[in-house]
Amino acid sequence: VRHSRHSQSGPSPSGACAVCGKTPADGAQLRRCAGCGRTTGVMYCGDACCRHHWVRMAHRQQCEAVQLARVVEGLMVAAEMGD
């Protein structure tokens, strides 16, 4: 795994891998983070970059926070519909 060209754990710029920066133009087949990719736009070119981001770049905290926020939002919507 190459070191990131991107220092943050935010959305992948221009559809690039969040860790190594590879893009489809580089031949990368990008996939979203399974936990938060729809919300944050975080994408990876492969399993190695995904693991590196989760463990070494602390994406876990951001990802879990986004997932929790989605659950809370869903509960709030359900509560409003129940009123």
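Placed from the backbone N, Cα and C atoms, the Cβ positions cover glycine too.
Keep in mind that this is a model prediction, so the values were computed, not measured.
TrEMBL has this to say about the protein:
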- 17-63: domain 'MYND-type' (DOMAIN)
Integer mean pLDDT for the domain 'MYND-type' (17-63): 94
Number of helical, extended and coil residues in the domain 'MYND-type' (17-63), per DSSP: 21 helix, 4 strand, 22 coil
